[in-house]
Ligand SMILES: *Cc1c(COP(=O)(O)O)cnc(C)c1O
């Protein structure tokens, strides 16, 4: 069934009808560049820049007084941002905070919840998650004296692209204490049914945490229904909060009284924090999981860009994202499959994330050629070109042009002039 037409006029018409088309101007679009890498590092926006410059100005003007101005906004900045982020996943405002990076937040979540006993000591993961999640899990079981080979239960993909939800659920045996899974797989863009998996885990008394790195800002989540125990994510991918931006942390309100695994003075109750007592009295909400002083400069851009997200709303963002990726897939089927390209992501809307996973034997060298044509793709071993048409700043016309260039590169074989030697950041 064809929904789209293979012509530049059609792409332009889609852009005219696009309800998000004016939002693109809020972003700093690079000249002569088609940016398809927003799932690795989202583009800078004018709103993010302004928010950051404002904080620098306030520091310049007030010195240490920055903590008090604007009703202590910056002393409580993690609350301001937590409230705003919570809306993207339909969580309560105080169930979300921002701190450190995703990896440390995984350590925070696991060290809070992982209380292994003789019979129940395993952590369940999948073999397609981003490696840092696995490194964190392995080190957490080692800290408790276990061997990851025994205590980390890995659900294997049968084809290297997808994870079967049924096999995850079958893996929830009585020796499993905790589960950590990605909402969307970073390579194949498979979106897991988080609600189903979470409910199955809870039926068996297993704690479950989700890594939203590849869905936050691309897919709306309904945490009131999913109801997981904890979640983590980075804010620099789709959400465009800047390189190394502060990360997100969600903890279900039913766990607010739990002792944080990694404690620090900024997790203390605000009323007594500056009494500087030796006893830790942690705040009974997500901010109780804070550790040290919050890095304002890695937070401010997030405030700026979240204003854009709130203006638009996640529903419209997801609708355009699905439209863009469906359009891209249809053009691939029509024009590129005959040149050895293959779609490696799920096709259905309900289990497809925000990017298209385009496979090709020569993916690495094709990515190099794409860059010389002003296209920023993202290569993932061994054969994947990830293409993320971020709905806030990518147009249908750009998707059309991307496909034309992918076709041209394959026809004239120009990728052959590039070396296959990998660089530091592929
Ligand atoms: C991008 C990504 C990370 C990044 O972790 P940081 O600690 O923020 O660098 C972690 N997990 C997944 C699944 C990711 O996609």
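Keep in mind that glycine also has a Cβ here, set from the backbone N, Cα and C atoms.
TrEMBL entries are annotated by machine, without manual review.
As written in TrEMBL, here are the features:
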BINDING   102, 103, 130, 131, 132, 133, 211, 214, 236, 265, 293  pyridoxal 5'-phosphate binding site
MOD_RES   237  N6-(pyridoxal phosphate)lysine
Those residues of the chain, 6+ apart, with a Cβ under 8 Å from that of residue 236 (pyridoxal 5'-phosphate binding site)
41, 42, 242, 243, 244, 245
Largest separation between Cα atoms (Å) of residues that the record links to pyridoxal 5'-phosphate, namely 102, 103, 130, 131, 132, 133, 211, 214, 236, 265, 293:
31
In Å, rounded, how far does the Cα of residue 132 (pyridoxal 5'-phosphate binding site) sit from the Cα of residue 237 (N6-(pyridoxal phosphate)lysine)?
16
Distance between residue 102 (pyridoxal 5'-phosphate binding site) and residue 237 (N6-(pyridoxal phosphate)lysine) at the Cα atoms, whole Å?
12
If you measure residue 130 (pyridoxal 5'-phosphate binding site) to the residue listed as 'N6-(pyridoxal phosphate)lysine' at Cα, how many Å is it?
14
Counting Cβ neighbours within 10 Å across all chains shown, tell me which of the binding-site residues 102, 293 comes out on top.
102
Rounded Cα separation (Å) that holds between residue 211 (pyridoxal 5'-phosphate binding site) and residue 237 (N6-(pyridoxal phosphate)lysine)
13
At the Cα level, what's the spacing in Å between residue 293 (pyridoxal 5'-phosphate binding site) and residue 237 (N6-(pyridoxal phosphate)lysine), rounded?
24
Looking at Cβ-Cβ distances, which residues of the chain lie under 8 angstroms from the residue listed as 'N6-(pyridoxal phosphate)lysine' while being 6 or more apart from it?
38, 39, 40, 41, 42, 213, 214, 216, 217
Look up residue 132 (pyridoxal 5'-phosphate binding site) in the DSSP assignment and reduce it to helix, strand or coil.
helix
Within 10 angstroms of the C-beta of residue 211 (pyridoxal 5'-phosphate binding site), the count of other C-beta atoms across all shown chains comes to 26
If you draw a 10 Å sphere on the Cβ of residue 130 (pyridoxal 5'-phosphate binding site), how many other Cβ atoms land inside?
16
